[in-house]
């Protein structure tokens with residue numbers, strides 16, 4: 001008891017009952033716990049800058065390829081390497097839609113003959129930064145923005161950057177093992193790698209998601225639709241499949257999350273410690289991590305050896321070509337690549353179609369080099 005004698009008042013302080021003190025203590029403890037969990041964020045959110053940078057780089061390289069394709073007629077660099085044997089796809093002749101195949105080849109497009117005979121393995125990486133047309137680059141970059149930014153926010157630029165590049169390499173590798181003619185460009189393999197990683201991330205971090213089956217079915221539907229588009233002609237579905245498989249395995253390696261109970265245990269005050277300590281990862285997460293890493297290393301090693309030996313896997317798999325294109329009454333899956341041999345005789349160029357043997361002489365001029373693919377396409381009809 002205490003007294004305050006100010007202004008003649010007498011105040012008595014009596015200790016509250018034990019039951020009341022107990023209720024106050026419990027309520028205070030609950031409020032502290034609620035405040036603690038409200039501020040607790042186990043997974044850090046990253047600022048996404050790498051994915052926008054990749055988008056800008058792809059658009060810039062496409063603009064550069066368009067400039068090279070329409071470079072000034074008097075520039076010697078425009079025609080320095082046109083003479084010789086070359087292959088191209090006629091659908092890329094229109095400069096309004098995209099650069100020519102020869103321009104893309106000069107900038108690093110995936111051409112199997114260059115990789116096998118000249119050991120230009122770097123084309124497996126450079127081809128994912130090039131695109132064949134305006135719609136091609138816009139579709140890929142919009143997809144990258146919608147998929148990649150969320151992943152970078154959750155997992156950071158290091159893991160997403162490695163996932164993007166390695167998945168793109170895996171897509172290029174599988175493409176080069178089956179697509180032996182023509183060239184291949186585009187970031188689709190890397191994009192499918194991000195989709196594959198999202199699926200494996202959902203599976204390996206299953207316990208932290210609320211609407212598990214709804215998220216799984218939605219993601220599988222999106223993946224199935226995108227892979228189905230790959231059976232159309234002129235679409236390199238082997239790059240999609242290779243990128244998706246690589247990303248699916250890489251997701252178990254790069255996107256593994258500690259279980260939520262581990263963070264919950266670390267956040268609780270020591271007086272409220274759990275009776276048994278939670279491990280950081282579950283056993284199945286370790287098993288998937290090790291298995292995926294072994295499959296990736298083995299697959300890439302064997303694939304590179306087979307590719308550099310010049311082996312055409314279509315000869316060992318009679319049905320695999322249906323994975324890239326299924327012929328119907330609406331379209332054909334036959335290759336439209338044409339090949340020509342050119343030689344210079346004085347001020348004239350001799351052009352010979354390899355397919356039908358037709359030969360034509362053309363007078364050399366400033367614009368002949370920019371029209372050589374179109375002339376070859378007409379000659380081989």
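Every residue, even glycine, has its Cβ placed from backbone N, Cα and C.
Just so you know, TrEMBL annotations are computer predictions that nobody has curated.
Under the heading transmembrane segment, TrEMBL lists 46-68 (among others).
Annotation source TrEMBL lists domain 'Peptidase S54 rhomboid' at 119-255.
Taking Cβ pairs closer than 8 Å, the transmembrane segment (128-149) reaches residues 48, 51-52, 54-55, 57-59, 61-62, 65, 92, 97-99, 104, 107-109, 160, 164-165, 168-169, 171-172, 185-191, 194-195, 198 in its own chain, all 6 or more past its ends. Marked as transmembrane segment by TrEMBL: 128-149 (among others).
What TrEMBL records for 156-175 (among others) is transmembrane segment.
For 181-201 (among others), the entry in TrEMBL reads transmembrane segment. Within the chain carrying the transmembrane segment (181-201), a Cβ under 8 angstroms from the stretch's Cβ atoms is held by residues 58, 87-89, 101, 104-105, 109-112, 127-132, 136, 140-141, 143-144, 147-148, 151, 160, 163-168, 170-172, 175, 219-220, 222-223, 226-227, 236, 239-252, 254-255, 257, 288, 292, 335, 337, all 6 or more beyond its ends.
According to TrEMBL, the feature transmembrane segment maps to 213-232 (among others).
Marked as transmembrane segment by TrEMBL: 238-256 (among others).
Long-range Cβ contacts of the transmembrane segment (286-308) within its own chain (Cβ-Cβ under 8 Å, at least 6 residues beyond either end) map to 112, 115-116, 119, 121, 166, 169-170, 173-174, 176-177, 200, 204, 246, 249-253, 256. The transmembrane segment annotation in TrEMBL covers 286-308 (among others).
Taking pairs at least six residues apart, the transmembrane segment (238-256) and the transmembrane segment (46-68) share fewer than three Cβ pairs below 8 Å and do not count as touching. Beyond the ends of the transmembrane segment (46-68), by six or more residues, the same chain brings 78, 95, 98-99, 103-104, 106-107, 129-131, 134, 137, 140-141, 144-145, 148-149, 152-157, 160-161, 164, 187 to within a C-beta distance below 8 angstroms of the stretch.
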